[in-house]
Amino acid sequence: MAMVDQPLYPIAVLIDELKNEDIQLRLNSIRRLSTIARALGEERTRKELIPFLSENNDDDDEVLLATAEELGVFVPYVGGVEHASVLLPPLETLCTVEETCVRDKSVESLCRIGAQMREQDLVDHFIPLVKRLASGEWFTARVSSCGLFHIAYPSAPDALKTELRTIYGQLCQDDMPMVRRSAATNLGKFAATVEASHLKTDIMSVFDDLTQDDQDSVRLLAVEGCAALGKLLEPQDCVAHILPVIVNFSQDKSWRVRYMVANQLYELCEAVGPDSTKTELVPAYVRLLRDNEAEVRIAAAGKVTKFSRILSPELAIQHILPCVKELSTDSSQHVRSALASVIMGMAPVLGKDATIEQLLPIFLSLLKDEFPDVRLNIISKLDQVNQVIGIDLLSQSLLPAIVELAEDRHWRVRLAIIEYIPLLASQLGVGFFDDKLGALCMQWLKDKVYSIRDAAANNVKRLAEEFGPEWAMQHIIPQVLDMINDPHYLYRMTILHAISLLAPVLGSEITSTNLLPLVVNASKDRVPNIKFNVAKVLQSLIPIVDESVVESTIRPCLNELSEDPDVDVRFFASQALQSSDQVKMSS
């Protein structure tokens with residue numbers, strides 16, 4: 001008897017848990033649906049589990065979302081593709097619920113199942129489901145149906161295809177804006193499955209309706225449709241149908257629509273081709289760059305380099321550059337910041353002469369901007385300009401501004417400058433670097449902000465790698481010798497960190513003769529934090545120096561620290577001694 005009852009057990013537990021008051025238990029039960037389905041077997045899953053889930057549709061949104069997600073991967077558990085249609089009824093019900101994320105997940109799962117279904121099953125089961133949802137009384141069903149047409153359409157016979165196109169056209173003119181929005185969002189996917197002959201007639205007329213919708217939320221979604229449809233149409237049709245729409249949208253009364261055009265403009269240019277871009281879209285883009293809404297100017301400014309690449313340098317200088325000059329002094333800091341993040345990319349497009357004459361003054365004004373993000377965005381892209389105008393000009397024109405920013409009151413700006421220094425050093429060469437920037441690099445080791453001191457220590461190491469140990473001996477080690485005796489213990493700690501980073505670069509000899517004595521002296525420091533950092537540094541030096549130096553200098557120092565009154569100092573000293581023993585044993 002027990003053997004007969006056993007298969008009923010999983011479904012009984014599931015039903016109990018799904019009716020439990022605790023939402024977490026219900027969620028866990030749904031997450032285990034695949035395990036339960038495997039226990040029941042394919043036939044009982046189809047006949048008992050799926051009907052039960054179809055009825056269980058008035059739960060919390062979280063449980064319904066999990067159900068919709070699980071059902072999307074359930075095809076193998078119901079007996080494979082030939083039985084996939086049994087999964088459609090529970091998902092159809094979930095497509096009509098009020099919560100958007102549940103509907104979206106249900107549509108996603110239906111698309112996944114529909115993509116696996118056989119052609120005849122799509123005609124018999126999937127297409128009727130789409131038609132039922134599209135004619136649903138409640139708007140949620142109609143919203144969901146829009147996302148399913150691209151799966152249903154390719155398998156439909158000609159008569160059904162005509163009907164599906166008509167239904168989609170009706171959804172695009174639905175009374176509810178939410179339905180029209182969904183139709184506009186999914187138009188590109190549906191259009192990609194429609195035959196070329198119907199694309200120009202049915203789909204373009206539907207598209208025209210959406211572009212003239214009285215709701216800006218529908219029109220702005222139609223902007224995305226411009227790019228999607230533009231890729232499907234022949235170039236001449238694209239210019240005839242899509243281009244006028246883009247130009248109108250760029251002057252739309254709603255700033256949200258204009259913002260969308262500014263955001264999508266590069267993709268729209270690709271759709272209509274270079275010739276139309278030069279004649280029609282350049283004036284539209286200039287209008288967007290001078291828009292009275294800051295959000296639109298931000299979106300347009302962020303595309304300035306990409307757009308300039310499509311044009312010839314002459315056109316960019318003639319039309320785009322005047323706008324760029326205006327934007328560099330825009331009243332909105334966010335517009336200036338968006339411009340600063342891309343303007344450096346214009347240098348390779350415009351060429352050396354135009355960059356020197358036109359762009360350098362703009363770079364300088366943005367480098368001195370009062371808003372730190374603007375300065376940051378310029379600094380982080382300086383190498384793009386260097387490739388065009390060369391290091392001599394860059395150093396003459398921009399270096400004074402860089403030196404000024406090295407002492408900027410915002411630490412993130414100082415940090416960006418530090419990260420740029422090794423690149424600048426490699427391009428400037430040793431002589432120039434020593435004159436202009438050497439002192440700055442050491443000054444940062446005493447910054448008030450820890451992140452700056454840490455970055456400065458890494459910077460010193462990268463400079464030693466770039467210019468070699470001899471240069472480091474002349475320019476870094478003497479200053480490190482001075483700073484290890486600084487009265488502030490945090491600065492002494494930074495120097496210890498710098499020594500641990502420099503040692504591997506400088507090699508065994510310089511470390512043993514010049515750096516190790518500094519570290520050993522620091523072990524007599526009165527601050528425990530310094531002493532346990534000494535133990536850490538000594539541990540990092542053990543593999544670098546000779547074994548004789550470890551025995552004669554490092555171990556005695558660590559033995560002394562291992563008897564320190566402070567518990568942390570003793571801990572790190574004993575850890576370093578253990579490391580020394582391991583190195584000794586392995587060698």
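Each Cβ is built from the backbone N, Cα and C atoms, and glycine gets one as well.
Feature annotation from TrEMBL assigns repeat 'HEAT' to 10-48, 164-202, 203-241, 242-280, 281-319, 320-358, 359-397, 398-436, 476-514, 515-553, 554-587.
Cβ atoms under 8 Å from those of the repeat 'HEAT' (515-553) belong to residues 477, 480-481, 484, 489, 492-493, 495-497, 499-500, 502-504, 506-508, 560-561, 564, 566, 568-569, 571-573, 575-576, 579-580, 583-584, 587 of the same chain, restricted to positions at least 6 beyond its ends. Summed and averaged per residue, pLDDT over the repeat 'HEAT' (281-319) gives 84. If you look at the repeat 'HEAT' (476-514), the same-chain residues 6 or more away from its ends with a CB under 8 A from one of its CBs are 442, 445-446, 450, 453-454, 456-458, 460-461, 463-465, 469, 521-522, 525, 527, 529-530, 533-534, 536-537, 540-541, 544-546, 549, 553. Long-range neighbours of the repeat 'HEAT' (242-280) within the same chain, counting only residues 6 or more positions beyond its ends whose Cβ lies under 8 Å from a Cβ of the stretch, are 207-208, 211, 216-217, 219-220, 222-224, 226-227, 229-231, 233, 235, 287-288, 291, 293, 295-296, 299-300, 303, 306-307, 310-311, 315. The DSSP breakdown of the repeat 'HEAT' (515-553) into helical (H, G, I), extended (E, B) and coil residues amounts to 29 helix, 0 strand, 10 coil. Secondary structure counts, DSSP: the repeat 'HEAT' (554-587) has 28 helix, 0 strand, 6 coil.
For the repeat 'HEAT' (164-202), residue counts in helix, strand and coil come to 31 helix, 0 strand, 8 coil, using DSSP.
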